[in-house]
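Visitor: If you scroll down you'll find the structure; I have some questions about it.
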Amino acid sequence: MPIEFIATSKLPTAFGEFNISVFQDPVTGEEHVALSKGLENPPTDPVLVRVHSECLTGDAFASLKCDCGPQLQATQKLINEAGQGVILYLRQEGRGIGLTNKIRAYALQDQGHDTVDANLLLNLPADARRYDMCSIMLDHLKVKEVKLITNNPLKIQALKDQGINVVDRVPLTVGRNPFNEQYLKTKRERMAHLYQKDDF
């Protein structure tokens, strides 16, 4: 996807000061964000990176149905403590199916279906996300080698397929609560996420 760098600014946050950069698809107008720290000069060592898909309910409204909000906040803390890193915040709500369909899927989950089956019952893929914009964003930041903060092996492979050297995986297990235990188990059992059994 031919996204283009548009704008950048400093962004003070509750977790430290970052730089926020916006990238845009010139055809669709879709915007993605890189939240970075300590990358004023090209890095010489592998950089902490998280690829985080937009989750309005979790990131903005602190929903307990997922672990997205806690993952985002934990990553900001981790990067701030390390002094260097980047969050690629991709505008792919609901694993790429959009907000409306995500809420429809939530309604099916309320009836007892898991997160995978809920999407399939709506004739939608379990995961419709794309990651082809990541290499362009990381290249703009001069990041060539990454320590990927993820539990999702698909993200690791997606970055490798784009020529990004993923030298390590940093597990991220936060945000478990009674409302999302089944969701997390489904991600491990049906979506191959790299949680450990004792995480649950």
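Using N, Cα and C of the backbone, Cβ positions are placed for all residues, glycine too.
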Visitor: Look at the GTP binding annotation in Swiss-Prot, where ARG50, VAL51, HIS52, SER53, GLU54, GLU93, GLY94, ARG95, THR115, THR150, LYS155 are given, and name the residue from GLN24, GLN71, GLN73 listed for that site too.
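Guide: For the GTP site that includes ARG50, VAL51, HIS52, SER53, GLU54, GLU93, GLY94, ARG95, THR115, THR150, LYS155, Swiss-Prot also lists GLN71.
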Visitor: Between the recorded positions ARG50, HIS52, ARG95, ARG129, whose Cβ has more other Cβ atoms within 10 Å than any of the rest?
Guide: ARG50
Visitor: Looking at the recorded positions CYS55, CYS66, CYS68, ASP127, ARG129, whose Cα is closest in space to that of THR150 (GTP binding site)?
Guide: CYS68
Visitor: For HIS52 (GTP binding site), identify the closest of the recorded positions CYS66, CYS68, ASP127, ARG129, judging by Cα separation.
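Guide: It is CYS68, whose Cα lies nearest.
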Visitor: State the three-class DSSP label for ARG95 (GTP binding site), counting H, G and I as helix, E and B as strand, and everything else as coil.
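Guide: The residue in question, ARG95 (GTP binding site), is helix (DSSP, three-state).
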Visitor: What three-state class does DSSP give GLU54 (GTP binding site)?
Guide: coil
